[in-house]
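Taken straight from TrEMBL:
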- 18-436: domain 'Major facilitator superfamily (MFS) profile' (DOMAIN)
- 199-222: region 'Disordered' (REGION)
- 442-488: region 'Disordered' (REGION)
- 15-41: transmembrane segment (TRANSMEM)
- 84-103: transmembrane segment (TRANSMEM)
- 109-135: transmembrane segment (TRANSMEM)
- 142-161: transmembrane segment (TRANSMEM)
- 173-192: transmembrane segment (TRANSMEM)
- 251-275: transmembrane segment (TRANSMEM)
- 287-308: transmembrane segment (TRANSMEM)
- 320-341: transmembrane segment (TRANSMEM)
- 347-366: transmembrane segment (TRANSMEM)
- 378-401: transmembrane segment (TRANSMEM)
- 407-432: transmembrane segment (TRANSMEM)
Amino acid sequence: SPQRAAADTGPDGGWGWVVLVATIMVLALTLGFPSCVGIFYTDLQNEFHATNSETSWVPSIMTSVLHAGGPFCSVLVEKVGCRATVMLGGVLSGVGMAASSFTRSISELYITAGVITGLGFCFSFQPAVTILGHYFVRRRPFANAMSSSGTALGICTLPFLGNYLHTEYGWRGSFLVLGAVLLNCCVCGAVMRPLPSTKHRGQPLMKRGPPPSDQENERTRKGGCGRVWSFVLASLRKHMAFDQLSNNPRYCVFAIGITWMMLGFVVPLVFLVPYATAHNMEQSQAAFLLSILGIVNIIVRPPFAIVFNMPWFKGRHIYVFAWALLVNGLSNSICCIGSSFPVLVTYVVIYGLSMSVVGSLMFTVLMDIVEMSRFPSALGLLAVMESVTLLIGPPLTGVLVDNTGEYSYVFIACSTIVASSALFLMASFFFLDKKERAASQQGKPCAQPDPPRPAAADASHGCIYSGVPTEGGKNKGSPNGAEYITNV
């Protein structure tokens with residue numbers, strides 16, 4: 001019947017549960033995948049006679065492109081929709097990993113595993129979370145909380161799979177099989193059919209903006225260069241919040257702190273397995289450390305997401321975030337105590353707990369400091385800034401290993417970088433809050449950004465990009481349409 005068909009395709013149920021499962025799988029295959037690259041780190045070094053710095057460019061390029069590809073993904077979703085973009089991402093990531101098994105130099109691996117696979121990951125996971133926003137409105141917080149478990153699921157299971165494939169087939173055979181596994185993103189994308197009633201649910205995913213004026217039309221008619229330049233400027237204004245960077249001190253401080261943090265935040269995941277195996281730990285045990293990290297994230301992320309939505313934490317998110325970041329940074333120094341399995345298990349548990357808090361609050365803090373109308377472009381600019389430090393972080397620490405011959409210096413450097421970024425955020429926001437209170441007492445209250453709107457109130461704005469889904473209220477839409485995603 002028509003009523004039954006509407007229930008099956010409408011939001012908050014029906015086919016939406018299938019889309020939710022598909023989104024969980026996409027996040028597991030994309031965001032969780034870089035964690036298993038460390039299993040093949042030593043093999044890549046020996047195969048291509050590469051230094052630590054040269055080898056670490058592979059996961060760093062992959063992660064950086066995954067973040068920096070947000071603007072390209074936005075344009076693609078606007079042109080062809082979420083479903084086709086997810087499937088294209090699955091093809092790119094699968095072909096990239098399969099082609100990596102035939103590479104003959106480390107530079108070829110940069111292109112196949114780094115650029116092609118990373119771009120495929122970007123094209124898959126962002127639209128997957130986006131279309132989930134179409135299907136769930138009232139239950140959007142629950143759907144986002146469930147979908148966020150996909151990342152932890154990938155971190156938990158892919159190292160096991162990678163270690164098994166490595167034992168049976170070597171790194172080349174493993175990359176070929178993993179490429180076939182990544183093609184399952186196409187299957188997940190195929191079930192993400194667009195809602196027939198999307199046109200009745202408010203504004204489209206991405207607004208094209210007001211029609212150009214006669215003066216703009218005349219200027220773009222002067223030649224192809226002028227048309228391209230106008231398009232570039234319009235895209236930058238739409239997707240990059242440079243105005244927030246120059247006029248909003250809280251956003252400026254947050255963006256600088258997060259960009260500096262990313263220089264060392266994910267590096268331990270790249271070097272943990274090589275560090276363990278260099279100290280005579282079995283490969284299977286070293287891979288199990290990453291799985292423990294994923295298990296910790298699976299268990300604690302959903303409760304943390306619920307707890308931090310309690311009224312008591314309102315206005316305190318940034319300080320809880322900074323304290324968790326400080327603990328995360330200091331936890332890296334545990335690796336300097338020893339390299340035995342119990343010591344490293346203690347490390348990954350503490351690292352995983354603090355990582356979960358950081359991930360749960362990152363976008364909540366961002367929503368607290370920028371207006372919702374500027375949130376998509378503010379997050380887009382932050383993602384591009386992050387991609388720079390994500391790109392150079394592992395190679396720089398690889399140079400450190402090459403010059404010292406010790407992996408322990410990597411964890412000392414990461415501890416210093418992440419802890420210093422936490423202290424910078426604490427001190428800066430404390431100063432800004434003190435300045436704001438002083439101005440308020442003098443009768444000159446500082447301008448505050450608009451508070452985030454409830455998810456239900458944003459339902460009319462169509463589907464959105466949100467961050468790794470449970471990480472702090474990212475289920476809220478905005479008038480500007482699609483939001484970028486970044487991964488912690």
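Even glycines carry a Cβ here, placed using N, Cα and C.
Counting Cβ pairs closer than 8 Å to the transmembrane segment (173-192), the top stretch among 109-135, 142-161, 251-275, 320-341, 378-401 is 109-135. A contact between the transmembrane segment (251-275) and the transmembrane segment (15-41) is present, since 3 or more of their C-beta pairs, 6 or more residues apart, lie under 8 Å.
Mean pLDDT for the domain 'Major facilitator superfamily (MFS) profile' (18-436) in this predicted model: 83. Counting residues 6+ beyond its ends, the transmembrane segment (407-432) has Cβ neighbours under 8 Å at 249-250, 253-254, 256-258, 260-261, 263-265, 267-268, 271, 274-275, 278, 318-319, 321-323, 325-326, 328-333, 335-336, 397, 400-401 in the same chain. Remote same-chain partners of the transmembrane segment (287-308), defined as residues 6 or more beyond its termini with a Cβ less than 8 Å from a stretch Cβ, comprise 32, 35-36, 38-39, 145-146, 148-149, 151-157, 159-160, 162-163, 269, 272-273, 276, 317, 320, 344-345, 348-349, 351-353, 355-357, 359-361, 364, 470-472. Between the transmembrane segment (109-135) and the listed ranges 15-41, 84-103, 142-161, the one holding the most Cβ pairs under 8 Å is 84-103. Simply put, out of 15-41, 142-161, 320-341, 15-41 has the most Cβ pairs sitting under 8 Å from the transmembrane segment (84-103).
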